[in-house]
Amino acid sequence: MTTHFENARLIDPEAGTDSLGSLTVDQGRIVALNGPAPKGATVTDCGGACLAPGIVDWGVKIGEPGERHRESFRSAGLAAAAGGVTTIIARPDTAPAIDTPETLEFVTRRAGEAPVRIRHMAALTKGRAGREMTEIGFLLDAGAIAFSDVFHVAENTKALSRAMTYARSLGALIVGHPQEPGLSAGAATTSGKFASLKGLPGVSPMAERIGLDRDLGLVEMTGARWHVDQITTTRSLASLARAKAMGLDVTAGISIHHLTLNEFDVGDYRTFFKFTPPLRSEEDRLAMVQAVADGVIDVIGSFHTPADEESKRLPFEEAASGAVGLQTLLPAALRLYHAGQLDLPTLFRALSFNPARRLGLPQGRLAEGAPADLVLFNPDTPFVLDRFALASKSKNTPFDGARMEGKVLATYVAGSLVHEAR
Amino acid sequence: MTTFRARHLLGIEQLSPQEITTVLDLADRYVDLNRRTVKQSDALAGLTQINMFFENSTRTQASFELAGKRLGADVMNMSVASSSVKKGETLIDTAMTLNAMHPDLLVVRHGASGAVNLLAQKVDCAVLNAGDGRHEHPTQALLDALTIRRAKGRIQRLTVAICGDIAHSRVARSNLILLNKMENRIRLIAPPTLMPSGVGEFGCELFDDMRKGLEGADVVMMLRLQKERMDGGFIPSEREYYHRYGLDAEKLSFAKPDAIVMHPGPMNRGVEIDGEIADDINRSVIQEQVEMGVAVRMACMDLLARNLRAERGAKAAGVMA
């Protein structure tokens, strides 16, 4: 079946353009840009709405196996489709961790319940404990797209360096979390005025830089392919830029929450604003937005982390970290567009194009031959977010009651409609 | 007394200078009552007060218990530190269980910052924070303010030095906020490892040299140094701490000649304060602080009970939605 989208504002992150045009899809692929409508094609008038490559959300936690009451593949997939996310890159920090080919096969099978594409990361070390490496070769054969111990930082540098060396020989991509575990032990906030006022244990932003510097040293030593999951402080930027300038195979990401919220949003111990790493100062937030604009930070993700009410309704220090984000990633990211800080091609470079390219996926592009994974949205539609209207099983979003702009009108995976706004 | 509008007493942060003055004025009257032979009032008659201490505390719990009893409340103590919480019950479950017993005043101490705020969102009664983690200890700051006001005749335009483990102290935080609201000059004196980061932005001066910090001070507030901080992690040793930050006659001589010495107790004599200074009736107001503690807690509970009754009365009359 051929579909012809016309009168669309095409957001092309690869070319960096934002212009009115048309796009033709056939058999799940983009076959033409700005061509005439083929005979017999279904014509969709987009009415000037934006058509962009679907979001590739890198670092999504799904509760299978182990915590299906928090999120299942189906509920996560529905949330993704409603949020314009067409590819989920799932995290291995499940219970048990995805650290064997058998568990990887299990989640791969289960992921079929979702209406969007799901690819899985596997743990780098057994049980994500940072001591013994997983069967990286078998896991690659079973379809692992990258390797990560998620928020667990290996304290045994020797063991980590061996895993990196082994992974390098197989060309495997590793995702690291930059943090000095000793300095950040027990911390619930970023140290400074807010932490002191609220009497909460804080961690210096320097802990991120120290962790990053160690990891980059190991990358230089082993030649591993490395992606830093989240860079959130100004102090880390110089190290990152230097590593890139040296030609190390390094990229970096950031969560949308660190780009749109700051430490003071925690307010009166609101645990929905507790994140790993903790929210930073407003100066850091603005510097990170600039770093995305400059391309020093490559990827924006939701770091979707479903948590049930029980694990959030606790004193701040004891409460779980993280927020759901699949469905709020795009409207939150559009805050940066509406603030005049990032244009739409730049946003989709970080949301779709860069993560797909780094992971070796053909998605993330508006180009002939690319998969027709698309999101059609109106960037200006205002709404007030109601967390109970989210498709996720868990409702822990920091944006509850927030005024946002940007409505997903339709989401397509391989040319098929997987979500349509009512 | 219309100037006190709070529903709960969670921290000094939520109080206005007028509300602080209202508490202190009423507390002054309760000091007089407490000095009589017959110390009874019926301000809380018919009301139930539950003291819920998730952290053990003899002094504060006794002070709240006595305050409630003198005002005629039915007082119950729950030492939660040794009960169901250890069996895995969450803070919220415990609060809901208690709430079902219809208490009117809930006095809570908890080891986690913000825990009392969280609990206050889930219960129908008035909640008093008796100390939450490193966050706030509002009745301590109010009793300190009353002690200062009675000794100095005012609680404005004084130079107050707070000395010791500022980083882990809820007493320091509440005092800092209160003294700031009442427009005093505040100095924090601590070794850098016990000084919280960013605290300089709160409008106070920071010192690691105690003598310089004490220069010209009207009030010297000493803080307790917890035993577990003395092991070399934060300070090298007890004796080096006493040498540099223990209050003795020589260091106190840098403060004003009529400066008063305060301590929230319990004291470590020979660690943060010299025993002779602590017992010097011309300088130390440490015993007065304990006395003011009961009066201030009576005043706080009285004011909260008035607001609670007014709220319930309005509800019953159908005035509120």
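Even glycines carry a Cβ here, placed using N, Cα and C.
Remember, TrEMBL labels are computer predictions, not curated facts.
Source: prediction; values computed, not measured.
The record from TrEMBL ties B:R59, B:T60, B:H137, B:Q140, B:G265, B:P266 to carbamoyl phosphate, and of the options B:R35, B:R109, B:R239 it ties B:R109 to that site too. Within 8 Å of the centroid of the Cβ atoms of B:R59, B:T60, B:R109, B:H137, B:Q140, B:G265, B:P266, where the record puts carbamoyl phosphate, the same chain has further Cβ atoms from B:S57, B:S63, B:A130, B:G131, B:V171, B:P264. DSSP gives B:P266 (carbamoyl phosphate binding site) a coil state; it is part of no helix or strand. In the predicted structure, the domain 'Aspartate/ornithine carbamoyltransferase Asp/Orn-binding' (B:158-303) carries a mean pLDDT of 94.
In the three-state DSSP scheme, B:H137 (carbamoyl phosphate binding site) falls into the coil class.
Under DSSP, the residues of the domain 'Aspartate/ornithine carbamoyltransferase Asp/Orn-binding' (B:158-303) split into helix, strand and coil as follows: 62 helix, 24 strand, 60 coil. In the structure as shown, the Cβ atom of B:T60 (carbamoyl phosphate binding site) sits within 10 Å of 22 other Cβ atoms. Secondary structure by DSSP for the domain 'Aspartate/ornithine carbamoyltransferase carbamoyl-P binding' (B:7-149): 67 helix, 26 strand, 50 coil.
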